[in-house]
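Listed in Swiss-Prot:
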type: BINDING; residues: GLY180, GLY182, LYS183, THR184; note: ATP binding site
type: REGION; residues: 1-91; note: region 'Domain I, interacts with DnaA modulators'
type: REGION; residues: 91-133; note: region 'Domain II'
type: REGION; residues: 134-352; note: region 'Domain III, AAA+ region'
type: REGION; residues: 353-471; note: region 'Domain IV, binds dsDNA'
Amino acid sequence: MVDVSETTERCVVHKRQGQDGGDAAWRGVQKKLRDFYGSAIYDSWLSALVYSGNENGRVVLLVPTRFIKEWILVHYLERILKYWQDESDAVYSVDICVSDGVGVQPQMAEHPDGAVDGPPVVMVGGTYDHLSSPLDPRFTFDNFVVGKPNELAFAAARRVAESSAPIPGSNPLFLYGGVGLGKTHLMHAIAWYILNSSVKRKIAYLSAEKFMYQYVTALRSKDIMLFKEQFRSVDILMVDDVQFISGKDSTQEEFFHTFNALIDQNKQLVISADRSPSDLDGVEDRIKSRLGWGLVADINETTFELRLGILQLKIEKMGVHVPNEVLEFLAKNIKSNIRELEGALNKVVAHSSLVGRSVTIESASGILSDLLRANHRMVTVGMIQKKVAEFFGIKLEDMYSARRLRALARPRQVAMYLAKRLTQKSLPDIGKSFGGRDHATVIHAVKQIEKFMEDDAKLADDINLLIRMLR
């Protein structure tokens, strides 16, 4: 593990005295970095590095801004050090230092060969312009594990990436699902695929919050026309977590007009959120309607098999050995989201490396005790009744009443279905919690909801959202 912390003193840049023999080694490191990461990532981030010198085994590399430095420290420093040590046994550390005099900016990465028609306003893979957010090099299609919960979203994202123009019925592509299930991964994967393809397209990828920030900044600086021109000149606009424009009236107005302008120009939009378009509370109906124009693909909760596959791919990429029974233990017990699952694996592997002992189920249980408790939070029938009543806008006492109005009966059946699915209560006990109903009523409710979910996508979305909220 590389220590990315550094003192001010360590980052003082000393003027090179003559040749230290490091130039040839640095060229070797640069070649290995380009070969490993590819031209797109290298040109976006690593081409900014300038070799300063080797001071008794401490290599100093310069970058023009602190942002570039911090990004390289987090994402690339370990491999840079490894390649330096491959080139020279005497190197023990690499420091990244900011120097205003470097004067090196990475290439605009609209296309791997740098050939761009007209002035580039959007860059994929970096934030040296003021539109796009950085892309994570780990988030590619090759690193995405496909299973039943995400196969539609994956296929749709891949199809958009491979097509040179918007596909009828898939514009916009709207991806939705809970936190940490892979929406952002797929959006980054689309961008990386296009970036490395032979088709020249300008892409803007950013969060809804950053879109709002850019819009407000443009208003304050009276650059609103430039803002409009830049966002409406892209070939693909990707906006992550669009639910965050909820309640922001002026931002929604601008997003609406940007959306329309791009659709009118036959440009592709990819949008993500934590819920379906119709469930985006606080978002204008006209926007929700447009978000549902194209293909709406949900990413459901992961299955055991999918979680296990993700862990197996992860350890393969890490180059470490973890017994399969430990992977199965993690896949069985950490169900919240992929982010937590991968974080748990990282924690277990790091602990094993530090203490020098193999990973076992017992050691993993101890290391992850807090996380395991959180993932086994007890869901009660009372919690379900309260949440369902709030969700459907009925009174809590309607859960127990004998009234059979459809507006009350359907939420009550949903609550029974969730109680059967999320608790360990017996059917008779569940029935008693709903005003003394018998187990046959609960069975009927469960079967009804299962049948309705097959035919009613909106109800299925609502129930999946309730499950995420309860867990």
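Backbone N, Cα and C atoms are what each Cβ position is placed from, and that goes for glycine too.
Because the structure is a prediction, the values reported are computed rather than measured.
For the region 'Domain IV, binds dsDNA' (353-471), the model's pLDDT averages out at 86. Taking the mean position of the Cβ atoms of GLY180, GLY182, LYS183, THR184 as the ATP site, the remaining residues of that chain whose Cβ falls within 8 Å of it are GLY177, VAL179, LEU181, HIS185, LEU186, SER272, ILE299, ASN337, ILE338, ARG339.
Sorting each residue of the region 'Domain IV, binds dsDNA' (353-471) by its DSSP state yields 88 helix, 0 strand, 31 coil. Its Cβ taken as reference, GLY182 (ATP binding site) is surrounded by 28 other Cβ atoms within 10 Å in the chains shown. The C-beta environment of GLY180 (ATP binding site), restricted to residues of the same chain at least 6 apart in sequence and closer than 8 Å, consists of SER336, ASN337, ILE338, ARG339, GLU340. If you draw a 10 Å sphere around the CB of LYS183 (ATP binding site), it holds 26 other CB atoms from the protein chains shown. Within 10 Å of the C-beta of THR184 (ATP binding site) there are 21 other C-beta atoms, taking all protein chains into account.
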